[in-house]
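Here the structure is laid out as structure tokens; the discussion comes afterwards.
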Amino acid sequence: MSAGNGTPWGSAAGEESWAASGVAVEGSELPTFSAAAKVRVGVTIVLFVSSAGGNLAVLWSVTRPQPSQLRPSPVRTLFAHLAAADLLVTFVVMPLDATWNITVQWLAEDIACRTLMFLKLMAMYSAAFLPVVIGLDRQAAVLNPLGSRSGVRKLLGAAWGLSFLLALPQLFLFHTVHRAGPVPFTQCVTKGSFKARWQETTYNLFTFRCLFLLPLTAMAICYSHIVLSVSSPQTRKGSHAPAGEFALCRSFDNCPRVRLWALRLALLILLTFILCWTPYYLLGLWYWFSPTMLTEVPPSLSHILFLFGLLNAPLDPLLYGAFTLGCQRGHQELSIDSSNEGSGRMLQQEIHALRQQEVQKTVTSRSAGETKDISITSI
């Protein structure tokens, strides 16, 4: 029996992190470290290295002081928090998954079981809530570009606070279960925490809504408002502004080209969220309503679907890198446009001055001629 046959997600790591994670121990046949699990561990290590390097680079990039800015840009602050959430996934979820697949059973103490399951779910919540905060901020930046952005810190605090509170039940639901017999076996599961199966299903569905449905719905509403606002006739009419309008920007983040790149980045984050987590949660829903699916789905497929979820953390730094390059290109074009506009204004001023000099010379010469004629007539 492979290490993945005992869990709804096909792994001893307990991908069903909000409920019955881990390998069930009721059966007579214990799980093993299968070939599919070995491949999964190898891929997880690759994702860990890429995610850790990328998100640490993003965190360093967005937190270092910018000499051209008096205060940090809201966009940089948001992606600093998103990088922190991805690092929490990287350093909690990925090592836990790889180690648990290798050891097959739980080798740590009960307190470690409860704490790690709490941190794992908190990491998943934060990685789901912070893209929502980014979507709300982009909506405010597009609909009210000159408005106050003081609410960003409150939204970030709410996202982290909810992640902490919603993950607290893990501390009480998870515990270690020991199996006596010829081969002792210990696992970190929720066995015995729910008196009836419907209670466990209700908890799973509640967490599914908070982790996937609510963030997806909130982001869809935000970007729908943005698309409707951008596509409205008034917005299109006002979009053809002269280059001098950039001088009215109160910060680099409020400039139209930066808002456009930030909006594109936020949309890409939404798409990666959907592509990475939809297969993961669909498999979970299937298991909750049809537990016999464990015998119908190959373990290799379950491994692949879970790795799709882990892929989200390494992708975010790549998207931020593309955003940074786009902003730098837009900033260079903005500088060129501003310099060209300044040169054009100087040329117009010089031409106007020359014309004024020519007019003044003409008037002076005419005045001198009239004075000479008057003198001759008098003689």
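Cβ atoms are placed via backbone N, Cα and C, with glycine included.
The annotation disulfide bond is assigned in Swiss-Prot to C113-C188 on the grounds of sequence analysis. Counting only residues at least six positions away in the same chain, the Cβ atoms of W106, F174, H175, T176, C188 sit under 8 Å from the Cβ of C113 (disulfide bond). In the three-state DSSP scheme, C113 (disulfide bond) falls into the helix class.
Among the features that Swiss-Prot reports, N-linked glycosylation site is placed at N101. According to DSSP, N101 (N-linked glycosylation site) is assigned to a helical segment.
Among the features that Swiss-Prot reports, topological domain 'Extracellular' is placed at 1-40 (among others), with the record citing sequence analysis.
Positions annotated as topological domain 'Cytoplasmic' by Swiss-Prot, on the basis of sequence analysis: 61-76 (among others).
Here Swiss-Prot flags 97-114 (among others) as topological domain 'Extracellular'. Taken together, the residues in the topological domain 'Extracellular' (97-114) have a mean pLDDT of 92 on the 0 to 100 scale.
The topological domain 'Cytoplasmic' annotation in Swiss-Prot covers 137-160 (among others).
Under DSSP, residues within the topological domain 'Extracellular' (179-204) fall into helix, strand and coil as 8 helix, 6 strand, 12 coil. The topological domain 'Extracellular' annotation in Swiss-Prot covers 179-204 (among others) and rests on sequence analysis.
Taken from Swiss-Prot, the feature topological domain 'Cytoplasmic' covers 225-278 (among others).
The feature topological domain 'Extracellular' is assigned by Swiss-Prot to 298-303 (among others).
Residues or ranges marked as topological domain 'Cytoplasmic' in Swiss-Prot: 324-379 (among others).
Per Swiss-Prot, the feature transmembrane segment maps to 41-60 (among others).
Among the features that Swiss-Prot reports, transmembrane segment is placed at 77-96 (among others). Listed as Cβ neighbours of the transmembrane segment (77-96) (distance under 8 Å, sequence separation of 6 or more from its ends, same chain) are residues 13, 17, 44, 47-48, 51-52, 55-56, 58-59, 62-63, 116, 119-120, 122-124, 126-127, 130-131, 133-134, 137, 152, 156, 159-160, 269, 310, 312-313, 316-317, 320.
Taken from Swiss-Prot, the feature transmembrane segment covers 115-136 (among others), and the record attributes it to sequence analysis.
Residues 17-19, 21, 25, 106, 109-110, 113-115, 117-122, 125-126, 129, 184-194, 203, 207, 210 of the same chain sit 6 or more residues outside the transmembrane segment (161-178) yet have a Cβ under 8 Å from a Cβ within it. The transmembrane segment annotation in Swiss-Prot covers 161-178 (among others) and is backed by sequence analysis.
Outside the transmembrane segment (205-224), and at least 6 residues removed from its termini, the chain residues within Cβ reach (under 8 Å) are 18-19, 121, 124-125, 128-129, 131-132, 135-136, 138-139, 166, 266-267, 270, 273-274, 277-278, 281, 284-285, 288. If you look up Swiss-Prot, you'll see 205-224 (among others) marked as transmembrane segment, on the strength of sequence analysis.
Annotated transmembrane segment per Swiss-Prot: 279-297 (among others), in sequence order, evidence recorded as sequence analysis.
Helix, strand and coil residue tallies for the topological domain 'Extracellular' (298-303), in that order: 5 helix, 0 strand, 1 coil [DSSP].
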